[in-house]
Amino acid sequence: MRRRRGTPLGVSWTNCVLLLATGLLVVLISVHAKNPRPHRGLPAPAPAPVPASVDQVATENAHRREPTVDGSVLQRLSGSDRAVDEDEDVDEDEDEGLKHQHLEHRQQFDAYLGTIRRLRRPYRSKYTIEQLMRLHVTPKVSGDIDMDPCKAGGFMGDIALPEGDSGPVVAHTPIDDEEQERQEVEQLLADSPSPVHDPPSVSGAANSGPTKFNATFQLDLEKLKQEVYHEGLQVEEEGLTDIIRKKTKLPSSGPVNLKAGQSQSQSQSANEPVKPGSESPSDYAQASSYKNEVLPPSEQRIHTDKPARLTLAEIGPKFSNKTQSLHRNVDTRKIQSDNKDIEDDSGNNFVAERRPSQIVPTSLPEQRSTPAHVYSNAGGNGMQLDDEVDFLHSRGVVRRRHRRGPKQRRSNQHLEHEVKLQRLREELSRPVIEAHHHQSHHQKQAQHRQHHQSHHRKKHRRQQQHHRRRGQSTTQYVNHSPPGFNQSQQAQQQSVPEMDLLKAETSKDEEPLRHRVARAVTAKKERIWDYGVIPYEIDGNFSGIHKALFKLAMRHWENSTCIKFVERDPEIHPNYIVFTVRSCGCCSFVGKRGNGPQAISIGRNCDKFGIVVHELGHVVGFWHEHTRPDREKHVVIEHNNIMKGQDYNFNMLSPDEVDSLGMAYDYDSIMHYARNTFSKGTYLDTILPIEMKGRKRPEIGQRLRLSQGDIAQANLLYKCPKCGRTFQESSGIFASPSHYTAGALSNETEHCEWRITATYGERVELKLENMNIFKSNNCETDYLEIRDGYFEKSPLIGRFCGKVDKEVIRTESSRMLLTYVNTHRIEGFRGFKAEFDVVCGGELSVDDAVGRLESPNYPLDYLPNKECVWKITVPESYQVALKFQSFEVENHDSCVYDYVEVRDGPGQDAPLIGVFCGYKPPPNMKSSGNSMYVKFVSDTSVQKAGFSAVFMKEVDECETQNHGCEHECINTLGGYECSCRIGFELHSDKKHCEDACGGVIEYPNGTITSPSFPEMYPLLKECIWEIVAPPKHRISLNFTHFDLEGTAHQQSDCGYDSVTVYSKLGENRLKRIGTFCGSSIPPTATSESNALRLEFHSDKSIQRSGFAAVFFTDIDECAVNNGGCQHECRNTIGSYICMCHNGYSMHENGHDCKEGECKYEISAPFGTIFSPNYPDSYPPNADCVWHFITTPGHRIKLIFNEFDVESHQECTYDNVAVYDGESESSSVLGRFCGDKIPFPISSTSNQMYMVLKTDKNKQKNGFTASHSTACGGYLRATSQVQQFYSHARFGNQDYDDGMDCEWTIAAPDNSYVQLIFLTFDIESSENCTFDYVQVFSDIDDVYGQYGPMYGQYCGNVLPQDINSMTHSLLVRFKTDGSVPMKGFSASYVAVPNSGEYDHSDEDVENSYSSEMVTPFPGSLKSIYIEDTQEETDEYSDFSGNQLVFNGQYRGRYSLPKRYYSGKA
């Protein structure tokens, strides 16, 4: 046999290498075999670790190495492969042997590499457990707080403080009793705020003991309250839904939860709003792809008594399992608004048409000629319960209504008046001492006496004021006289200048009841916007209809003042406002802050015309009217009726904070509070105008339009010229003040300003006629200056003087500014007359900025018979990009009436891109060249709100320039975005990529840290970690550092940045353990399975140092044979405990259960229950169960009448627990003990489960309770057909009078609800106005309003079957006080969306999106489609999802009707 040269003893070099590799592999495998755990762990921490600095830890980490394969071994192994291939002298037998050995070792090597890859974990931690346990991190905070009005220090605008520390998050029940609510709130909140100008006192906060606030919270609260006092924070109640609910005695969305038997003031910081074991229906979540599926509630909960973090040495075999839970309260009673007696805004809105008008000059800017003052009332009206109310409707009809209060209030009206009058005398007689304003007690008395000196003078003054108020017209005077007509008398008759009214009111002939005082506007001149120009931006999250609403409110301010709201240009507008949504609801800063963008938040319940106008008033520089220093002469504050903790909203401002503009107190101001703002109840007054004998108390708190005082005040604040006005019409005629009165010579200088505003895409054409102005050198002294824009720095078109006639001037933009100065009026120079027209169409171009295009008259309805053609061009080598932001054009299948036509080129013969109409915004589009043709056409009838669009130059930046993206570049319309590959995520610079946070961790112990820890975490970050332990194990998470955004006075639900911990119960089932924020260390969290999920979220402002946590696993003894427990086994750290079902008691052996004799099944709709032996003591070791069940679609209400159960801070000994469902596995509504009667409790479904458990010591008398039923609730539609009924005794008796019930029926995503009425017998009436059933498309998730209505039904004919357009429906049943009938029954089922028809809003011809929810003046549109055969045919393919009941085809309901009434 031939042998290779140089190979001794017959052993080849290849075999040697393979033998060495095999030995190395054996050694590595033996090392791994020493660890019996299936997952590689980290070394245990050393006891009593010494804190280490971040730099020390970083140095240690620099020397850490990940396990790798020796490079020389790889080289030798790969080299052996080549050695075999290169040897040409090996014989065939040896070749076969070597190849076999090589293949065998190659397989072993591949297996080894596979082992290395499997052991390489997808998540890389920065720290070991030892390092993390001894790491000390200093908390950090970023400096971007000013943009968010809810978070900004020194905030100046509308926002409210919290009512105090909310206490531990434990059992809670709805508050239905007003007295109990009052007592609870008084115990929860601080005793009283500091005086306005006193320094904060926090000495008692830190040493207050367990019944006082947390010291840190008290410091924060006092600091913020001082900002309120010194900075003048102002509050709007409309956006604070929790306060509205409390006023109407509804449960709060963020309830204050109390342990039974515990003092309410024993509180927990809001930094820990949700504790482990605090369960609610929202605690059960889905994995991201199944987040809307139904999750069955789990009975297992986690609770800890240790609020601070655990050290490793403290983790012992025992761990508390006591459970306290949150409760999501459901009540079908609606929230009553402050203005419930004012007509609903959906019926009082109408479009202000543009029409040519000839305008008479006035000394103050006048109101527009269109009736633009009839708008929705979104604020409180402040009317007295028995006041008469006049309503102006869209046709100009005045209808009078009487507000009616409770009978008791009517009967005691005289007594109440005497009480309030006496209280008023005490208020006026009490001395008031303020910084910068001291007034003696005798001066107060003297002023009080002056108020009652002369009865005939008061009567005369009241008559004058009455006539002046009636003379304030809500519409502008329109003159149709010929040009030669002398109009001086007419101008005098039209209106009296506001300043003249003020002078007359404060003349020497009257007592000083309303002297010249400080008006509620800012005294800080730096907060006044330069040139009266307020730039704005609108968040892209708002719908087109909301953007139109904001523009309409801004136009309302422009129409009456010289203030201009303009789209922000980054090059010239460093300071600007941003319309956005913040958690504070309706809030804004007062005036200009001067540090860049400032937010104006239009949140839930704030998207009403009057409220937006009000918030813009704060932007302009207005404070609330009732905060004036002289307010005690005009209103009385009822402090006893103010919600506890909201008194600071009624503090007076000092004269240093407001300017003296000589304006009288304005009860009619849109900036005035309503009478019951922040009251404890809807019918309690917090602020009342002073009532003078024989004079009706004025109304306050209107949110309809700017008052005459608001207009005059704004014009004074911004030094608006006394003559001139703002035009928003499509055409008009105006003239200088002396044009028609040349004979009335005067040496007074005329200074006027006219502002003509059109929409984007329109231009202004002005024709000067009969101009006769003194001709000075370069027109320096007397002139008419015309600018192409909105302020004095806009491009100058020309300055004119002398004589000019028939001069035509055109703008390139959509605005024109005219400034007129006449100093030679005495010499008979008449000035000028002008006529303007607004024309649409023309050539538009854009270079670097973004261009805008709107339909004529937007946001109001476009005009009839319009044809506008725009040619849009951009520089060469670019394309034109067009994006519609809102779109509402008369609909037609072929778009033959009104339409928008877009072509790919400069002319009408260019290739057609599309013709669009209807309500769905067209898709984004771009041209192939550098030009685009856009044409808008309207016919003679049916005008809609029109469209708003932006255009820009477009190029593929990813191809043509150095985009700077580290991984991938994605081209977008008008720009580009960077993207990262899988496993990475985008850095905050939006270009570079970094390792993605989160991941799956399969280790028995380890660490988790927030991104960039210990540095500040990034903005807008979403991280998810999943820790997976071996089967039959549990995972515990212990936080070692915690510093997230969130303080007690900013939030209570971790709405900004948060960490949420879930127990993963299955592949797609999650149960929330807790949600945490702030700086308090969360308690240890333990999973209920072998998987635990951690989610981290950060918002777009304010960063902190983040968090760090250690996790470890523990075996679950309950996983094997249920731990030997007969009923329930609950795992604890290092051990387990056995528990019995309700109605059973534990056997002496600690594992078995024996049956009890205290079980009750209750199905009666009404009744009373008692504890065993009541009124004697209940027995020891009792385990009693009451199971309530009622008619489907109704809920159980439980009211305790007497209650006396052994007391304990955590109700450990004896307790009564109430569950929201059929067993104790349902969510907990409350756990009670002690002798305080619990609050009334309501279930969310038709079942309730109550348990009484007692121990062997100390028995009490027990309880008695009444149970009843309530209609309405939340129904979950599934694939199984379910039913619900109109009233609890359906089939046995008629429904009750005065019912108002709501059912929300929700189906899973990608499904719709099919609602079928099985029986129907409702009192019949015309238009169904007495008793009726309404069906809506659910309630808007953001703003809490009804969606589009499918129909309103009555009579005894079955309504058509209804299929929801979305995945939910809302059914409302309302009855009056007479003629009850049998009621109705209905079935509902969830039907998956078929491929034939998509129920999304995008595919519906008449879009029922959220944009149609909020009506406002000028865009109120009918959301109902006529049930024509043509429309029915269009949806005829619905037959794929038909249902059959009782052998009858029920069909499908696809088109909504407004009313349906019929009889068999």
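Backbone N, Cα and C define each Cβ position, glycine as well.
Here Cys840 is paired by Swiss-Prot through a disulfide bond, and of Cys801, Cys868 its partner is Cys868. Recorded disulfide link (Swiss-Prot): Cys1125 to Cys1138, out of the candidates Cys1118, Cys1138. Each of the disulfide-bonded residues Cys801, Cys965 was scored by the number of other CB atoms within 10 A of its CB, and the lowest score belongs to Cys965. Among residues of the same chain six or more beyond the domain 'EGF-like 1' (954-994), those with a C-beta under 8 A of the stretch's C-beta atoms are 850, 874, 877-881, 883, 924, 926, 1018-1019. Here the domain 'CUB 4' (1158-1270) has a mean pLDDT of 90 out of 100. Cα to Cα, Cys965 (disulfide bond) and Cys993 (disulfide bond) are separated by 9 Å.
The most crowded of the glycosylation sites listed here (Asn559, Asn747, Asn1005, Asn1038, Asn1327) is Asn559, judged by how many other CB atoms sit within 10 Å of its own CB. Shown for the domain 'CUB 3' (997-1114): DSSP residue counts in helix, strand and coil, namely 0 helix, 60 strand, 58 coil. Helix first, then strand, then coil: DSSP counts for the domain 'CUB 1' (723-839) stand at 6 helix, 64 strand, 47 coil. Cα distances from Cys1077 (disulfide bond) to the recorded positions Cys720, Cys868, Asn1327 are smallest for Cys720. When the domain 'CUB 4' (1158-1270) is classified with DSSP, helix, strand and coil residues number 0 helix, 56 strand, 57 coil. Every protein chain shown contributes to the tally, and the Cβ of Cys562 (disulfide bond) ends up with 22 other Cβ atoms within 10 Å. DSSP assigns Cys587 (disulfide bond) to a strand. Rounded to the nearest whole angstrom, the C-alpha distance between Asn559 (N-linked glycosylation site) and Cys1054 (disulfide bond) is 42.
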